[in-house]
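Enquirer: What TrEMBL lists as UDP-alpha-D-glucose binding site is LYS51. Summarising the annotation, TrEMBL assigns Mn(2+) binding site to LYS52, ASP76. The annotation transmembrane segment is assigned in TrEMBL to 376-396, 408-426, 446-466, 487-508, 528-546, 558-578.
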Amino acid sequence: HEPWPGNCVRDHPGMIQVFLGHSGVRDVEGNELPHLVYVSREKRPGFEHHKKAGAMNALIRVSSVLSNAPYLLNVDCDHYINNSKALREAMCFMMDPTSGKKVCYVQFPQRFDGIDRHDRYSNRNVVFFDINMKGLDGIQGPIYVGTGCVFRRQALYGFDAPITKKPPGKTCNCLPKWCCCLCCCSRKNKKTKQKKDKTKKSKQREASKQIHALENIEGISESNTLKSSEASQVKLEKKFGQSPVFVASTLLEDGGIPQNASPASLLSEAIQVISCGYEDKTEWGKEVGWIYGSVTEDILTGFKMHCHGWRSVYCIPKRPAFKGSAPINLSDRLHQVLRWALGSVEIFLSRHCPIWYGYGGGLKWLERFSYINSVVYPWTSIPLLVYCTLPAICLLTGKFIVPEISNYASLIFMALFISIAATGILEMQWGGVGIDDWWRNEQFWVIGGVSSHLFALFQGLLKVLAGVSTSFTVTSKAADDGEFSELYLFKWTSLLIPPTTLLVINIIGVVVGISDAINNGYDSWGPLFGRLFFAFWVIIHLYPFLKGLLGKQDRMPTIILVWSILLASILTLMWVRINPFVSKDGPVLEVCGLNCDD
């Protein structure tokens with residue numbers, strides 16, 4: 001066994017190693033084993049490789065040349081198959097005789113191992129996978145989340161979804177007579193129009209027949225057919241690249257490879273389609289395959305398929321189909337959310353933004369709104385940061401966050417609040433989500449909103465508008481041994497600064513507000529409770545973040561530590577205010593026998 005040519009990750013030729021090929025290897029039960037091929041695409045300095053999206057496009061082309069199966073399974077390297085029968089369930093959707101032809105992919109929910117019981121940082125994303133994605137399944141299908149997905153190969157090639165035939169029209173046996181007359185009259189008019197069209201078409205066909213007869217006489221027809229076939233071949237090569245084997249495979253809807261093709265010729269063709277310059281001047285990454293232009297290529301790829309009229313399906317088997325690992329410590333989790341939010345900002349500032357892209361295609365309006373929501377949410381970090389800062393400002397300045405409103409306006413406010421709460425309760429009941437998971441999701445939405453989403457917004461603006469790429473480093477500080485030790489691993493990153501600042505100013509605001517109420521007397525306690533409510537609301541939402549900062553507390557729980565500091569500050573201020581050792585009439589001056597006037 002010779003070593004692989006080149007061991008440099010960023011500079012090496014294309015490499016393919018076939019472990020199981022066409023040799024007909026079978027298992028103990030006599031079933032033929034599937035092909036097992038290792039692919040490493042060519043990488044050279046000076047070429048843009050497009051990270052995961054470029055790797056997936058290279059795998060599409062290699063698999064099309066070597067096997068050309070009509071369906072593809074996408075699973076990330078940190079996931080594994082937990083339920084082999086889930087693939088059969090995906091095939092049931094794909095091969096459904098009524099609506100299966102329009103299904104571009106079947107998405108499975110993500111499930112994770114190694115997450116602590118309380119799921120402090122909402123790694124499971126239960127609200128998204130069990131409520132939001134279920135709701136999208138009733139419109140045009142869920143969005144593609146990057147892993148755990150079975151694709152139809154034809155949909156990845158940028159083809160439009162097949163047009164479904166409309167059901168036959170109803171007869172007028174059950175309608176009134178006057179309606180039947182109108183229907184019959186309209187049908188007669190349509191029939192006359194159709195007859196006229198048929199006569200016109202027949203005349204055109206006769207004329208074309210005469211022209212074809214003349215062409216046959218002059219020997220021109222063969223050259224025209226050759227020119228048309230050459231033109232279509234050139235058009236396909238501009239779209240898919242210069243590989244004739246791959247271009248021919250894209251036209252086979254049911255897959256398969258030529259019977260007379262030798263394995264050696266197919267391998268040489270596969271090496272060609274993973275070269276660095278194969279995608280130059282083609283539509284790869286633009287209209288074909290995984291779409292380039294964002295670090296979250298999964299959203300763009302699914303969005304383009306839905307714009308072509310395809311629909312997706314959400315499949316939730318009882319036994320999870322796939323399981324994977326998730327970052328469970330605070331810093332890694334924030335950086336994961338930062339990458340997702342940065343991709344959404346890049347899409348928002350690109351031509352593929354769902355606000356203005358894809359009109360006139362097959363994308364439904366409600367599905368468009370879901371995609372708009374998936375790219376707009378990082379912008380909510382700005383008002384969220386303001387809302388988390390205002391309670392502390394109100395406590396420090398003595399002004400209230402909510403102005404005085406009329407009774408009618410207060411009724412409207414209460415009605416909106418109750419409707420939002422009722423909607424959340426109905427969603428939890430429908431999706432089978434517990435109150436703990438819902439509350440963890442709400443907490444981390446605030447934590448991620450004032451840190452990762454905010455940084456992603458500025459980083460995306462700098463990258464797209466100014467061309468400046470920035471990165472945030474993560475530095476490990478300490479780790480504890482034992483179960484879920486990574487949960488307590490502290491890594492310093494600049495993403496921790498905004499939530500820490502909000503926590504500090506709100507805690508200081510609570511202390512200052514209570515001290516002012518103690519100094520000003522009984523009348524100032526009434527307005528204070530409203531200000532304290534909003535400040536405590538912010539602190540409670542940021543509580544998991546505070547636990548992540550303090551790390552593992554073996555002897556003293558975090559909540560006791562926080563409340564101890566808070567109560568100690570309040571009691572100290574009260575002691576200064578009361579001061580039992582000082583007389584109410586002021587200090588008593590004893591006569592010392594000295595004349596101070598002298």
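Cβ atoms here come from the backbone N, Cα and C positions, even for glycine.
Note that TrEMBL annotation is computational and uncurated.
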Enquirer: Which residue among the binding-site residues LYS51, LYS52 has the fewest other Cβ atoms within 10 Å of its Cβ, if you could check?
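Expert: Among the binding-site residues LYS51, LYS52, the lowest count of other Cβ atoms within 10 Å belongs to LYS51.
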Enquirer: How many other Cβ atoms are found within 10 Å of the Cβ atom of ASP76 (Mn(2+) binding site), counting all protein chains shown?
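Expert: If we count other Cβ atoms within 10 Å of ASP76 (Mn(2+) binding site), we arrive at 14.
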Enquirer: Restricting to CB pairs under 8 Å, which listed stretch, 376-396, 408-426, 528-546, is in contact most with the transmembrane segment (446-466)?
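Expert: Comparing 376-396, 408-426, 528-546: 376-396 has the most Cβ pairs near the transmembrane segment (446-466).
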Enquirer: For the transmembrane segment (528-546), find every same-chain residue at least 6 residues outside the stretch whose CB is under 8 Å from a CB in it, and list them.
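Expert: Here the qualifying positions are 120-121, 330, 388, 390-392, 394-395, 400-402, 440, 442-444, 446-447, 499-500, 502-503, 506-507, 509-510, 513-514, 516-517, 558, 562.
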Enquirer: Please indicate, using numbers and ranges, the residues of the same chain that are 6 or more beyond the transmembrane segment (408-426) and have a C-beta under 8 Å from a C-beta there.
Expert: 438
Enquirer: Rounded to the nearest angstrom, how far is the Cα of LYS51 (UDP-alpha-D-glucose binding site) from the Cα of ASP76 (Mn(2+) binding site)?
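Expert: Cα-Cα distance, ASP76 (Mn(2+) binding site) to LYS51 (UDP-alpha-D-glucose binding site): 13 Å.
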